[in-house]
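Written below as structure tokens is the structure these notes are about.
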Amino acid sequence: MSYGSSRSDGGRQRSNPRGAAVRRAVKEKPPTLKVSSPTTLLIQAVILLLLYAGVALIYWNGQALLPTDRLPAHDAKITDLQQQMEAAAARERARLSPDAEAKARGEVTRINSEITQASEARAADLAELREREASYVAYGHADGFRLLCICFGLSLMAAAIGLPVRLTLVAAYGYLFHQVYDDSGVIYAVLCAAAGEAIGAMMQYWFVHWFLRDMVKRVNPSRVKAIDTIFGSEAAFVLFSLRLIPGMPYLITNLVIGLSPIRTITFTLVSVLGLLPIYLIYASAGADLTSLETLLLNGPGESVESVALWGSLAVVGMVPLVIRLLTNKEIRGGFSQLKELADDSGAPTIADARKDISELEDDAPGSRKSVRAGASGRRRRR
């Protein structure tokens, strides 16, 4: 089959759609996007390494200040042992046989001993928590600014590493700063947590934007152009809406937005604005707590009981986002480009088309390959 145009017996020109498509593919140039130079990538890598080294230092010095899950673990262990105790006591009362009764009595004694040990460990951890709580409050009264800096560093570290304690920290800040600054403590807690969270998220954004986006540019620039079409003018709006939605994973949001052309300053400011409502809710709930023990035992979500409030935040975040995605032609066009790229992932590439045309030109009459093949055949016949 010929990839180019061919003539019928009547001498009329007959076009070949396959050949025309191949030649158009060769003429079309792939989308070109600016890729960072090796020197720029090296500088960016050094900056990120220094920042994450600082985060590691904060974690090393401040890990003792992070919320502990030992109290819930002790409670779960005690509950399990109590269930085992009930089962062993039931076997002892059943009096199936003297041996079974003696074995059940031994299990009851052993489980009682384990329950006593777990209760003592829980009491020791609870006493330590109360002592730390009192020391935090006293430290805040003595040097409130340093306490703010420590809490800021903890939020930055939790966001940069991706620790699942961010909302617990916000509620704890609300409680601590309320003890130190009274009613204005909620504002300090919100600003401190939101600023640390925004800078930690910015570090994740830099990693994605500087390195992963550059890799995608080199491998498949068409996909990057489609992503730029989707988020080109709406990246800030999409980011703000995603930040407002309760339960939206920050890591996934940072990965998605990091592939867009949004600027760093825009990303940081929009992140802070989007985090303020949720953090205000958790800090206010933390300020109403009687102790940190309640927070650690019940979790931050138990302190916020208004389902209507969470539903309102979800609606505020999702409805404008969905409307914007449905009504913006550029965004729909970008999604169409991504769909076409996914559907055409197994289609011939430009390199394949050039190879096919090269083979056709070599096989055409008068080409070097055909002339050499004809000369070789004549020599063999001689």
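In case you wondered, yes, glycine gets a Cβ from its N, Cα and C as well.
Any TrEMBL annotation is an automated prediction that lacks curation.
Copied over from TrEMBL:
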REGION    1-31  region 'Disordered'
TRANSMEM  41-60  transmembrane segment
TRANSMEM  145-165  transmembrane segment
DOMAIN    167-287  domain 'VTT'
TRANSMEM  185-208  transmembrane segment
TRANSMEM  265-287  transmembrane segment
TRANSMEM  307-326  transmembrane segment
REGION    358-382  region 'Disordered'
Applying the under-8 angstroms CB criterion, which one of 41-60, 145-165, 185-208 scores highest with the transmembrane segment (265-287)?
185-208
Beyond the flanks of the transmembrane segment (145-165) by at least 6 residues, Cβ under 8 Å:
51-52, 55, 58-59, 62, 65-67, 136, 139, 173, 176, 180, 188-189, 192-193, 195-201, 203-204, 250-251
